[in-house]
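**Q** Take this structure, written in structure tokens, and hold onto it; I'll ask about it next.
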Amino acid sequence: MSNLIAPSILAADFANLQRDIEMVNNSEADWFHIDIMDGVFVPNISFGMPVLKAIAKHAKKTIDVHLMIVNPDQYIQTFADLGANILTVHYEVCPHLHRTIQAIKDAGMKAGVALNPHTPISVLEDVIIDLDLVCIMSVNPGFGGQSFIENTYKKVSQLRQLIDFTASDCQIEIDGGVTNINANALIEAGANVLVAGSFVFGAENPTETISDLKNLIA
Ligand code: DX5
Ligand code: ZN
């Protein structure tokens, strides 16, 4: 399984969105990470369907949508229609997680589940075999630019063990506070997809920063 970088568009310049999308298209980045927030599950509102539609029109790489919303089930088909390739829902808002995962797959997308920093890996034991991706939140969801929570390493190792034990081909994504300081250690702990928002878009040269991250985790 190769190690991937997914720049988070939340940290892009929304007044220059097409420029930033083209930057990602022309960089060594692998995926577009798209954060959808509803102001209910998380204390922030990011952007919604019209913006995702505009992004998808220009994006030439996998679109990885991270839903930080309550009742994600009612929007699954909408996100499929908008061009999401991977749809990730939060464990904390899904009382019927197995059903939600199947619905995402039935809509033709890869299915991901995200876990808040306080949610243990063990809650995924009975669905891991059905998952394409687990997103371990390494900050409390809602905002970019927060600092990385060190307990994440332990969770990555536990998840890696669970995945290997069940022979699932699920990917492990880390979201929040990823920089050149922790990237390599996260891969060594067993992750293979790193989301990076402010570290990429806040850099003087985002294209080079993506390339440096890719080299670090190669
Ligand atoms: C946080 C979002 C992240 C965020 C990461 O709720 O899910 O994807 O954009 O941003 P950084 O890399 O700045 O922590
Ligand atoms: Zn995210």
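Backbone N, Cα and C define each Cβ position, glycine as well.
From TrEMBL, for reference:
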- Ser8, His66, Gly142, Phe143, Gly144, Gly145, Asp175, Gly176, Gly177, Gly197, Ser198: substrate binding site (BINDING)
- His33, Asp35, His66, Asp175: divalent metal cation binding site (BINDING)
- Asp35: active site, proton acceptor (ACT_SITE)
- Asp175: active site, proton donor (ACT_SITE)
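For each listed feature, how buried is it and what is near it?
**A** Residues near Ser198 (substrate binding site) in space but far in sequence (CB under 8 A, at least 6 apart, same chain), listed by position: Ala11, Gly144, Gly145.
Proximity of Asp35 (divalent metal cation binding site) to non-local residues of its own chain (separation of 6 or more, Cβ distance below 8 Å) is seen for Ser8, Ile9, Leu10, Ser46, His66, Met68, Gly144, given in sequence order.
A strand conformation is recorded for Asp175 (substrate binding site) in the three-state DSSP classification.
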**Q** Of the binding-site residues Asp35, Gly142, Gly144, Asp175, Ser198, which ones put their CB under 6 Å from ligand 2?
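**A** Cβ < 6 Å from ligand 2, in sequence order: Asp35, Asp175.
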**Q** Distance between Asp175 (substrate binding site) and His33 (divalent metal cation binding site) at the Cα atoms, whole Å?
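**A** A Cα-Cα distance of 10 Å.
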**Q** When you measure from the Cβ of Asp175 (substrate binding site), how many other Cβ atoms are you left with inside 10 Å?
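**A** Step by step: centre on the Cβ of Asp175 (substrate binding site), count other Cβ atoms within 10 Å, giving 26.
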**Q** So if I draw a 10 Å sphere around the Cβ of Ser8 (substrate binding site), how many other Cβ atoms end up inside it?
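**A** There are 24 such Cβ atoms around Ser8 (substrate binding site).
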